[in-house]
């Protein structure tokens, strides 16, 4: 193996490489891009104080020209994104399954860069729209960059990449008026769904709570496609990739998501940024599902169909490692905007399958980067550079940074001893899996891809009653925005193939006739792994609004705040005004927000500490009432209990914890923390 391949990476390898490109203007004199010091930056060069600007003003020309060209084309999809750095560690050697080097040594921390994104909206759209979320990970391995380019939903709308432009044209704003932004609640999207029923399964996921995640830190990630693991002996297995968030999978409610879009359009990116800035870690475990080659046709679904998942009860997920995200980016444009992911960026031991959507993506990603990043050398942009050296005969082109020495730029050659020379498998060279392929040229999908509804039914049947009601409400909202009654009827008809009761509820909600009920299958299949009801629940990293005013109880508040801090809960003190408030015993407390600057939708729970000042405050009442209606935990003590009663008409119920004149507020604190950890109290009667 060459010296290049012997170089070990660690969690800091990428950061150390990026350090070569960082610059800090603090304490520096201003210069032009050519290094010439600038003496004036507020006035252009003119002929007299009121005269015309002179063309010889090179500083003005350079400054304005650069400004005019600052923006690059935004991504056609996944335009709004946010990135973060971290590292990945495998738990145990995966030698039995793959030769991928980064999956062998548990002591190695492979640096990663992750970009989370929405799909449909433009770069300036809101974070909390109903949509799939992108979850793309770039591993900077010793063998080159490996990109796992996935979503937070394990399936996709279409089966063949040739339909991708049609899908995107359908869900993007309608071209005649460029509306609506970052939303699928319009005619063209649902017309596409009605006439392309392969999308039914993915639509069920996007209409579910998965379409409005609470946080990037609390959503799963999936590779979507079927790939291959190949080991040293050449044995291959089909594989699907999963990211499992350590905090569990949690979502917003739709009313809350819409309000957050107005109150804080940056809600998800702010949540991620602040968590890491405050010293927190964002963690996901990497899992794989594997199927032996000889079992390819063992199942009642085609394992290469991207509109199908592999039920975890049939093909268990093997957890193989953990990713820790722990460093924010230094510059969003240089990193998040310029990063270029590609499902074709693989390393030895990971290979492709004949998934027709994956095959098309292998072309499309390179093609789109060429125009977005200005040419074929985007791999030299710092965030995209591998941490291992690269050597080939790809020369020149726009923005070339590498200075290639010598006269040889071709293969084979004798002038340079045939260097750079191909590497054998033993030397780390990538060898494609030798799959036998035969068939006649044909534009047709396999009959095994024609089952559009079985897994959509599986998803529906696996939902809890609350999750089902959320799906129904989402359909009624989205399809209710459609102007064409004909399209509405078609949508109802399509989803009558999934569940008759679901179709009937949608029909009722949008005012069309329900189709005749189809004969229901006697066998009702479920997959418990698909429901969020069974997810991990913890109070760690949750965000609590503490409502307090002058006259608050010092002992009570100190006890509760310390308990929340011990659980890793973030607290904001909210009051009528910014500045300090005073307890009954004279202790001061500073407010970090007011009822004008923040809102209950930005928090996971509310603790009404009270104080005489807030007892009859209508803004405080509205704050609590909204949290109550969104099924959040509410704690109240002393005067806060009166505030709670005035807000929602009760001081009892699911997720409500109260205490008055307690000698010790430890028990109250614990009960409130448990209520926060539950995420939402869905059985609360609103």
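Positions of Cβ are set from backbone N, Cα and C atoms, glycine also.
Listed in Swiss-Prot:
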COMPBIAS  1-27  compositional bias 'Basic and acidic residues'
REGION    1-43  region 'Disordered'
ACT_SITE  78  active site
ACT_SITE  151  active site
BINDING   365  heme binding site
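When Cβ neighbours within 10 Å are tallied across all protein chains shown, the highest count among the recorded positions 78, 151, 365 belongs to 151. Distance from the CA of residue 151 (active site) to the CA of residue 78 (active site) is 10 Å. Each residue contributes its Cα atom, and for residue 151 (active site) and the residue listed as 'heme binding site' those atoms are 15 Å apart. In terms of DSSP secondary structure, the region 'Disordered' (1-43) contains 11 helix, 2 strand, 30 coil. The secondary structure of residue 78 (active site), as reduced to three states from DSSP, is coil rather than helix or strand.
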